[in-house]
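Heads up: the structure comes next, in C-alpha cells.
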Amino acid sequence: MRILVSNDDGIYSPGLWALVKRLKEVGEVIVVAPDREQSATGTQVTLRQPLRVQKTHPLIPGIEAYAVEGSPCDCVILGLAKLITEPVDLVVSGINHGLNLGDDVLISGTVGAALQGYLRNIPSIAISIPVTMEEPENLDSAACITAEVARRIQNGDITKNSFLNINIPDLPLSQIEELRVTPLAHKTHIETVEEGHDGRKRYFWLRRRQLSSADNKKTDIWAIENGYITISALHERLFQQPVFTLKDAETAGILAAARSCQDKI
C-alpha cells in the first residue's frame, strides 16, 4: 500500500510525524506537506503563482518528504500528479492539531487536502485531535486509529471509495470507551471583527466562536464531547444532491427577469 501523507499544520508538525510513524507499518509512506502552517485554508488551490517544492530532511529516517510553498490542497494535487511516480492507494491528512467537526469541515485545510484524494478516486482520511493551551499528549492514539482504518481499507473491510473524517479525544486509547460512526452536526457560529491600529493604518482580526453545539446523540460533536472517537463519511454528506425544485414557469420567470434587468444597462 502506498500512502500520501499531508496536513495543514506544516511539514514539521509533531502530528504529521506521529502519523507517519504508524502508517509506515501499513505501507510505503511519502510526505508532501506545506512548508508552513496553512490552517483554515479549506479547498484553496494556488493558480496565480508557481508552486515551489523542496525535498526535505525527514524526521523519521527512510521517509521521502517534500515541502511545498502552497496550500494543503496544492500539496496533494502536486504529490499525486508529479512527485509520486507510482499509483497512490491512500491519502491521509493530519494529525490536525484541533478538531474538525460539523460544518467546520468546510473551512478545514486538513479535510481539504483529503478531499483532493477522494476527488481522484483514492480513499482518503482526515484525522484530528483537540488542542487546548498545550500540544496534544496522545498523538499516538490518533495515529494508531488511523493506521487501523488504513489496514481495513487495504483489506477491503472498508469501502475503497471512502472519504473519512476522524476526530479523537486527547486520551490514551485505553481510556476511550467507544468509536462511533456519526453524521456531521450543524453548528451555529458567529464571526466577530476586532479592530486595531498600528500607528499608520487600521487593521482587523476575524474571530470565530461557537454559539451552540448539537445535543443530538447521533452527531460527531456530541460524540467527541462525550469522549468517543468519531468517524464521519463525508462523501455521503457533502456531495449528496439536495432536494431543490423549481417549476418550469419559475425558471422561465427568473431568466426573463434577469434578461430585463440586463437590457436596462
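Easy rule for this one: first residue shown is 1, then count along the chain.
Using N, Cα and C of the backbone, Cβ positions are placed for all residues, glycine too.
On a predicted model such as this, the values are computed, not experimentally measured, just so you know.
So that you can see what the record holds, here are the features copied from Swiss-Prot:
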BINDING   Asp8, Asp9, Ser39, Asn96  divalent metal cation binding site
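Taking the centroid of the Cβ atoms of Asp8, Asp9, Ser39, Asn96 as the divalent metal cation site, the other same-chain residues with Cβ within 8 Å of it are Asn7, Gly10, Ser13, Glu37, Gln38, Pro72, His97, Gly98, Ser108, Gly109, Thr110.
Between the candidate binding-site residues, Ser39, Asn96, the densest Cβ environment within 10 Å is the one around Asn96. Reduced to three states, the DSSP call for Asn96 (divalent metal cation binding site) is strand.
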